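Database features (Swiss-Prot):
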- 12-18, 40-42, Arg302, 328-330, 410-412: GTP binding site (BINDING)
- Asp13, Gly40: Mg(2+) binding site (BINDING)
- Asp13, Glu14, Gly15, Lys16, Asn38, Ala39, Gly40, His41, Thr126, Arg140, Gln219, Thr234, Arg300: IMP binding site (BINDING)
- Asp13: active site, proton acceptor (ACT_SITE)
- His41: active site, proton donor (ACT_SITE)
- Ser296, Thr297, Thr298, Gly299, Arg300, Pro301, Arg302: substrate binding site (BINDING)
Amino acid sequence: MEKLIILGAQWGDEGKGKIVDLLSEHFDITVRYQGGSNAGHTVVVNSQKFILHLLPTGILHEHVKGVIAQGMVVDLEVLHKEVKNLEEKGIYVKERLFISDRAHLVMPYHKLLDSLFEKKKGIGTTLRGIGPAYMFKYGRKGIRISDLKDEKRFYTLLEDNLDFVKNICEKVFCEKFDLDINQIYEEQLRYFEEFKENVVDLLRFFNTQKGSVLFEGAQGTLLDVDMGTYPYVTSSNASALGLSNGTGMPPKYFSDAFFLGVAKAYTTRVGEGPFPTELKGEEGEKLRELGGEYGSTTGRPRRCGWLDLVALKYAVQVNGLDGFVITKLDVLDTFDEVKVCVAYELDGEVIDYFPASYSELIRVKPVYKTLKGWKKSTKGAKDVSELPKEALDYVKFIEEYTGVPVVMLSTGPKRDEYIWLKEILRTRSGYS
């Protein structure tokens, strides 16, 4: 069984949606295994723009099965709207959608807590209840999709959780609590009724299915709850570390997989937290406008900066990457010079590693190498012969620094705007 894992190698928003859409056509199954509706994967098909928050991107292909695995936290209301939105555009996915019965639910009270926590701490959350949903999961107070099969048990769990949240709201935040248990109960059961035929035992599913599987990571390695810029991270393992517990399959299952990292030709970040190569002046604004750097989930402007190769090599080590896709190369087309960060300076010492300590990360200063810009459009290029030498030199420098081949370049948002550079992935995925 052929397996491909696609992972974000930066702080998310690397363009994974397009790459998954492009490659998943040649797979039988696509799987989302962590995160929730805080992710936003954007795909442009026949000039139509799709933004998927919960559904695997590959499900846009009519022969591909889509899996929402147990590592995700699922907002059934969002899922309902997403499926209906696709149906209105002539894309029907219900018959090909499989949802783990072990996946936890995002409830209205999680969103309430998210907004209260954000007011208090302000880490730049999407306010979609993802963090509190994971908090309840690991605090053993979560409600799983399988719990909705027993309506009496579901009501009891809901009652207990609402009492818990009410105390937090009133006694900790001095805020009014006005969520109605019966309304939540009825809404969740109504959504469950819509999707109950899609709910499966995922362990049995993986052990009985034949065919190739593409695993679609959400967010990015530097937002991983364990390996990212903690505490300014997401609440799940957004790196390869999340694969086994997110799917329920043992590590051995992934031993023959190809691990593909997706990275922009520069760096962006949404929300708060350390960002060593951030550009706050005209150059940062230029990157933002040329790259259209506004969040697909929140609409917030993204912080922009030069490519951070120290962080990118760290992502290689965390994930065991076999190859890279570099996206948005065309955004750099008009720059006279292009800088890449090759080391950090920390308290007068030059270091070549990505620190775990928050207090160190906010103190590091980037050490740059300046490369010559290409001053020629690469937008929409579909063959390597169309690329200027300086652009290829830029790609080669990334390969030499990270030790990982760049197998593909994305040169625009459309499905056909890409260039294969290496055959290593192309032959494995059957893509031509």
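Yeah, the Cβs are placed from backbone N, Cα and C, and that goes for glycine too.
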Inter-residue Cα distance where the pair is Gly15 (GTP binding site) and Pro301 (substrate binding site), in Å: 16
The one of Gly12, Gly40, Gly299 whose CB sees the fewest other CB atoms within 10 Å, among these binding-site residues: Gly299
Listed binding-site residues Lys18, Thr42, Gly299, Arg302, Leu329, filtered to Cα within 10 Å of Gln219 (IMP binding site): none
Cα-proximity to Thr42 (GTP binding site), 10 Å cut-off, over binding-site residues Asp13, Thr126, Gly299, Arg300, Arg302: Asp13
Site diameter for IMP, Å, by largest Cα distance between Asp13, Glu14, Gly15, Lys16, Asn38, Ala39, Gly40, His41, Thr126, Arg140, Gln219, Thr234, Arg300: 34
Secondary structure at the residue listed as 'active site, proton donor', reduced by DSSP to three states: strand
Fewest other C-beta atoms within 10 angstroms, as judged across Lys18, His41, Arg300, Arg302, which are the recorded positions: Arg300
Which listed residue (Asn38, Thr42, Thr126) has most other Cβ within 10 Å, given these are binding-site residues: Asn38
Lowest local Cβ density (other Cβ within 10 Å) among binding-site residues: Gly15, Pro301: Pro301
Gln219, Thr411 as binding-site residues, winner by CB count within 10 A: Gln219
For Asp13 (Mg(2+) binding site), the number of other Cβ atoms found within 10 Å of its own Cβ: 28
Cα-to-Cα gap, Asn38 (IMP binding site) vs Gly299 (substrate binding site), nearest whole Å: 12
Neighbour tally for Leu329 (GTP binding site), based on other Cβ positions within 10 Å of its Cβ: 24
Distance from Thr126 (IMP binding site) back to Gly299 (substrate binding site), taken between C-alpha atoms, in Å: 10
